[in-house]
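TrEMBL lists 84-114 with the feature compositional bias 'Basic and acidic residues'. Taken from TrEMBL, the feature region 'Disordered' applies to 72-123. Residues or ranges marked as transmembrane segment in TrEMBL: 6-24, 152-171, 219-239, 276-298, 319-337, 349-373, 463-487, 573-591, 611-629, 720-737, 749-767, 908-926 (among others).
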Amino acid sequence: MEPYYDFGFVVFTVVIFVHNAIMAPKVQFWGKREHGASAGCLIPVDGVACLAALSPTGMTVSGRVSATVRPRSVGAKATSSSETARRPLLDLQGLKHEPATRRADISESSKHPGAESPGLDYEGVKTPVDIEGGALEPGGTPSIFSWKHVGLLAHIASVGVVYGTLSGVIYAVLNNYLYMSAVLTATAQALVRLPRALRFFTAIFSDCYPICGYRRRPYLIMGWVLTFVCCFMMAVLPLGDPYYGDPALADIDEDQLTIEQQAMINHDAPDKGIKLIIFFVFANLGTVISFGASDGYMVELARREPEAIRGTTQSYVSATRQIFMVLAAFMTGLGLNGEDYGGNFSWTMGFNAIMGVCAAFSFVTIPLCWFCVTEEKAPRKSKFLAYLYDLVQQRVMYQVIAFRFFRQILSLFSVTASKPIQSTWAKVTPLNEGISEMISCLVTFVSLWIVRRYGLHWSWKVVVVVCQFGVVFVDAFPTFFTIWNVYRSQWFWLGVPLLEDFPNSIGDFIATLFVVEVCDKGSEATIMGLMITISALGSPFSTVMYKTVDSYFEIERKYIVKDDHHVRSQVTYAYLIAYACNLISVLFVVWLPRQKAEVHALKAEGGKSKLLGTLTVCYLVFAFFWIIMTNVLSLFDSTSCLRIAGGSGCKTAGLRSRGYPGYICSRMVLPQMAIYLRPSTQHREEDSARTRLTLRLHYLQAFNTMAITQEGIDGISRSLFMPIMLMLDFGMFQYLVQVYYSRRHEARVRMLLLASFIGFASHVYLHHNVETMLAFNDISEVCSQLTFLIQITIIGHAVRTKVKLRPITWFTYAAEVLIVADWLNMLASGIEAAGVELSNELHTFSNVLESLTLTFVPIFRFFYLSLSGSFRRVLSDRKLEMFFYVVVATHEYVFVILDHATGVSWEYAQGIYMRLAIVTCILLNLRKKSRGAKNTTTTNTTSVRRVATLSSGNASSSPEEVLPRPASFVAVAPKKLLSNS
């Protein structure tokens with residue numbers, strides 16, 4: 001790999017020196033002679049020597065120049081590095097150039113620091129701070145090509161090589177060589193992008209937790225060390241044999257192959273792709289760790305630029321990345337164009353050599369990120385998260401975050417069959433795909449240069465809308481022509497990626513411009529990382545969505561090979577849905593500010609919203625975990641059949657009775673832990689399904705010895721568990737009747753009592769069919785959820801009648817939506833109890849709805865309680881109650897583990913466990929209220945005594961300050977609101 005290292009390093013060094021020698025920033029000034037002639041000169045950044053070249057006669061020079069003014073003083077002390085920083089700009093407006101005879105005076109006076117210059121008065125011409133041209137930070141305009149900052153370009157160049165290579169080998173290696181399914185190929189693309197979603201967290205560490213006092217360089221090195229290790233491992237580990245021993249078999253349906261031809265198929269090849277995907281993810285994670293630090297460093301440099309050229313640093317960084325992604329695309333396209341990789345060359349570099357090049361770039365970047373990055377030591381920040389949470393509550397932040405997230409989801413909505421179509425119908429070779437990626441990077445580079453040169457003041461809204469409509473319009477022609485075999489050509493098909501990255505690159509570039517305007521000093525990396533994380537979350541989440549949608553169409557690889565009218569129609573429907581989502585994405589542009597001035601105005605006058613800030617954090621966290629869960633599900637045979645994982649649906653009988661997270665835990669997490677935690681390497685190589693069966697039989701044998709069987713559990717459930725649940729549900733019904741009977745004429749109270757009555761009445765009926773009884777148990781659990789939700793709406797509407805509080809209003813609306821969904825869920829359970837078999841999708845919906853509801857309830861409750869004080873106070877006063885609410889929300893997991901260990905269903909024991917937790921929450925709440933009532937009684941007694949004192953004239957306080965407030969209002973309104981009323 002050494003020739004690649006030497007060549008790249010020499011080229012990079014030559015480019016830097018050429019740029020410093022020729023392309024250094026210069027400012028042109030034009031002077032007018034007093035007798036009418038004109039003269040012009042180029043004034044370099046590092047001085048005003050050009051002024052001396054003008055005529056010695058009087059001349060008026062107008063303009064501004066960025067200069068480093070260092071008057072030489074004989075005998076003066078050596079200046080420190082901070083003192084030799086770039087001084088303020090010189091304002092030469094109206095400055096008279098002195099004759100040559102005075103230059104000697106100036107030079108002579110410079111020898112004596114205390115003497116005043118009779119010619120040029122430096123103090124008089126020093127520029128005030130605001131003449132920096134609108135720069136947000138002092139320090140002068142930086143040059144990213146200087147040796148002090150060139151480490152940033154070295155980092156971004158290596159990112160272009162590594163990320164471009166990892167993205168490029170997915171088609172040649174995973175899709176062609178290992179012949180992985182379309183869903184797994186799409187999953188690999190999503191997982192390679194997934195570490196970018198962690199960019200926000202790595203940026204927080206870079207901003208808040210310096211290592212040895214440095215915030216940027218240590219994290220840059222840590223990230224590149226991880227990337228180097230992963231790339232080196234992929235370079236030395238063998239890839240294995242391809243899926244097809246004869247590449248010509250790829251065009252033949254496997255059902256039509258002879259026995260000899262089928263023997264040439266390596267059915268184990270797709271399984272080896274899982275290992276590569278894991279290496280891809282961790283290699284990209286290393287670049288993301290480095291990115292968290294480099295983002296902050298880039299923003300620090302950009303904030304020193306004047307307003308007129310601010311954005312130059314970002315454009316250089318983006319352009320450098322695109323140039324080296326061109327090199328990566330050229331390398332993967334040319335080096336992986338062998339027959340085994342889907343190409344037509346008789347030779348190939350091989351996957352291992354490609355990864356060796358990535359390892360070499362990673363290794364060279366490590367020292368450059370230390371010696372060619374300049375930073376000062378910074379203290380550790382302890383309260384940064386509170387500042388960040390406060391920042392997210394600002395309208396300028398949560399509005400742009402929502403734009404980035406939701407637009408990204410819909411604008412990147414695609415089709416899972418794109419790679420199989422590319423290889424099967426369009427016959428695209430890896431070489432041509434690499435060339436198309438090179439052209440795509442060049443187009444992106446040109447577009448960024450145009451924006452940097454002419455479009456820094458364009459309307460961001462117009463740019464986004466025009467780009468999105470243009471991409472859909474151009475993309476539709478080659479797509480449908482290829483689908484319906486009007487004209488199939490690999491270059492006709494590859495016209496799509498040439499324009500597909502254009503709006504995305506512009507969007508990322510706009511995001512960097514937005515960050516520079518909105519962030520404060522010290523939070524540069526975090527805010528930039530947050531914006532990139534939003535984009536990174538939107539891309540895999542979009543993949544999750546279109547994998548789920550496409551699972552309802554027959555567009556898998558085995559159907560694409562048939563190429564009949566039905567398959568073409570199915571692919572057309574999938575693409576029409578994708579294009580519709582792409583066009584809908586432009587609606588979110590209303591949340592994007594038009595330009596930099598609007599960003600500052602929105603930041604200053606937009607206000608804050610705690611509810612929307614909290615909601616922003618919630619949907620981002622949900623999206624992150626949802627992406628991880630659904631993409632990991634696609635990697636395992638036992639869960640890849642799920643709709644959300646891109647499968648066609650699982651026919652698993654146990655899915656309905658378990659909660660959905662519990663199903664995932666029992667079907668994926670526990671079996672894989674059992675496989676990989678076993679000490680023997682031989683057992684690790686066994687088939688996972690057989691291993692799970694062996695473990696299940698082992699556990700069943702152990703518990704059969706203890707006489708615990710499914711029949712025994714069913715008998716105990718009928719004779720003991722169901723009567724206990726009946727009594728608990730009846731007790732909760734009696735409690736609600738006692739509390740709300742006086743308000744029984746209200747519609748919501750009637751609905752609450754009805755739901756609670758159905759909850760315990762559903763246990764009265766007994767049936768010999770176990771499935772029927774499980775359906776009735778589902779009805780009872782839905783009613784328990786409804787009692788929580790309806791009480792939330794009762795509280796919410798009571799507060800709204802007294803005080804207009806927006807967060808409570810939104811929570812109330814959300815609870816009403818969940819109430820409607822739960823009533824429909826109850827109706828479905830009733831239909832199933834009547835003997836009608838429902839689909840697994842409805843069972844999945846029921847379980848997801850249950851998990852969502854039981855999570856929503858404690859969030860609302862403790863948010864409502866925190867309005868009366870701080871959340872810390874609520875946490876300290878109600879720790880035990882919060883714990884039991886968490887137990888209610890996660891009650892399924894304990895019994896999922898028990899179910900997996902014993903092979904026996906514990907559904908009714910789980911129901912008792914949940915109801916006992918709910919009863920405990922009620923008792924703790926009653927205990928808290930009783931203590932509060934005692935305190936209120938004591939306060940009222942003291943108030944009466946003070947009123948008596950007032951009537952005798954011994955105090956000067958007004959009655960409003962001592963009389964207690966109405967108890968009914970205190971019951972529904974938080975104390976903080978009362979104090980402000």
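Every residue gets a Cβ built from N, Cα and C, even glycine.
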With the cut-off at Cβ under 8 Å and a gap of six or more residues from its ends, the chain residues touching the transmembrane segment (219-239) are 151, 155, 158, 162, 173, 177, 202, 205-206, 211, 272, 276, 279, 282-294, 350-353, 355-356, 358-359, 362-363, 365-366, 369-370, 373
Go through the chain and flag residues at least 6 beyond the ends of the transmembrane segment (349-373) whose CB is under 8 A from any CB in it; none is fine as an answer.
1-2, 4-5, 8-9, 147-152, 154-155, 157-158, 161-162, 165-166, 169, 173, 177, 216-217, 220-221, 224-225, 227-228, 231-232, 234-239, 283, 286, 290, 297, 331-332, 334-336
Taking the transmembrane segment (463-487) as reference, the highest number of CB pairs under 8 angstroms among 319-337, 573-591, 720-737, 749-767, 908-926 goes to 573-591
Six or more residues beyond either end and a Cβ under 8 Å away: which residues meet both conditions relative to the transmembrane segment (611-629)?
190, 194, 197, 389, 392-395, 397-398, 401-402, 405, 533-534, 537, 540-541, 544, 664, 806-807, 810, 863
Given 276-298, 749-767, 908-926, the one sharing the most C-beta pairs under 8 Å with the transmembrane segment (720-737) is 749-767
